[in-house]
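*Asks:* Handing you a structure now.
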């Protein structure tokens, strides 16, 4: 029952998106506001008609611009959880779910709706109207209503954005639990990268309606295909350098950064002399002690910021006191405290060779990165 | 009390409200949800009866309904009846001068239904017609009921247009508002006072109803 779509249009929001999502897979669409995430979901559901492309689910064609096919939302069998849930305000929770059970004989609907509410842990709330339910409960009614349709595809449009942080964590856990039992493609729209990493098997990064990269979350963070993807996935350690040496025999590419050589594993797509963007994920930045200063890729830096949260500390340290050379890394909060990693402290950081990734230079991104360097430290 | 005039007014008000209902619902949904080119002009035209002097509106209706007009000829060919100084003409005029009272509250009620709620009905498998009956009508009914109450009360009280288009023919075009005028002109104070009091009460009930329905829309 794989879902595949190619969506094209130039207005009102430009789209040039390719989406695939297999059975049982959860695909997260991420990107900034206005990148077309919600429009893509609406195209998949048949609520918006793009000018070109196709939408196919299993062996059915739901939309094909070339052949003039456009199946109505009613006929697509899609479960859709809207951002603000869009529950029917005049109906009880039970009636909200029962209304999506029109494919069943009338006498079976109430019992079936009760079952769906029970699956969503909403027993006892059947007779409440949406206005009498908490945000989290409303979201679960919306999810129950979407699933009651026995959809071929489940579409979730920022389903956690309208609830508080505590409820969000609870709902996230429930969704992780629930999706194990669902053998249909699930497409989740979110602007929250943490949410996407937690839930998604793969994520697709969008920008101005264009799909830039689709990959499992870990791979997306470790190997973004472009500086723009790195930016959009909020990669902190993205810098500009120049390729100085290519040594396939020693599996090494040397990049010059702030006048010092950095060793990366051999990346043959770049020529000596090329200006490149390079990045190192937070996990590839390691705090080392003074006697380890001779290790490869070790740089001295001064701590500019320490943010601690739930036992973890995210530390930012500037190399040569430059604002455009701020390395971010994560350590245990207790380690940070014990070793005196406070703002102003000097630290030695090793950038792990295997974690350094070269990316083709992007003038727009370089301009952004360079702009920071012109500011006083 | 001129019972014949009261009965005629009630018939005219009820017929106006009922005939206007489907058209006003259609137009209100259209204006609320599907913006189109020239919508501003249409909305302005619907509002015109609110600001035009009734005599001006009545004058143009008299021109449009008059014996030589294409509309009157068409109507005569179809029914054998005329549009001026008849109940039919009064009803046609009433449908026009009540447009703002019928359309405006309904348009506001439909516009208050979020687009996503209708879309949720569609993706839940409900056809457009089922969505209208099961979701839109139950959500918009206070606005629709308010529109009907306003239309009814306004028709009972309309004077200028009725006088221009219908005159004052007993049993045909003499509504209660006209009857009050006639009685007052004839210094028949007790009859005028009785009928005026009745209209006052009916109008008050209608306006109270509208305001109560308005609260139930915003309080949801």
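All positions are counted from 1 along the displayed chain.
Positions of Cβ are set from backbone N, Cα and C atoms, glycine also.
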*Asks:* Match it up for me: which of B:6-28, B:167-189 does TrEMBL list as transmembrane segment?
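*Replies:* Transmembrane segment, as annotated by TrEMBL, spans B:6-28.
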*Asks:* Who are the long-range neighbours of the transmembrane segment (B:40-62) in its own chain, taking Cβ under 8 Å and residues 6 or more past its ends?
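*Replies:* Non-local partners: 27, 31, 84, 92-93, 96-100, 103-104, 158-165.
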*Asks:* Sort out the residues at least 6 away from either end of the transmembrane segment (B:137-156), same chain, that have Cβ-Cβ distances under 8 Å to it, and list them.
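*Replies:* Cβ under 8 Å, 6 or more out: 9-10, 12-14, 16-17, 20-21, 24-25, 94, 97-98, 101-106, 108-110, 112-113, 117, 175-177, 199, 202-203, 206-207, 209-210, 213-214, 216-217.
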*Asks:* Six or more residues out from either end of the transmembrane segment (B:6-28), which same-chain residues have a Cβ under 8 Å from its Cβ atoms?
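*Replies:* For the transmembrane segment (B:6-28), the far contacts come to 46, 87, 90-91, 94-95, 98-99, 102-103, 106-107, 109-110, 144, 147-148, 151-153, 155-156, 171-177, 179, 195, 198.
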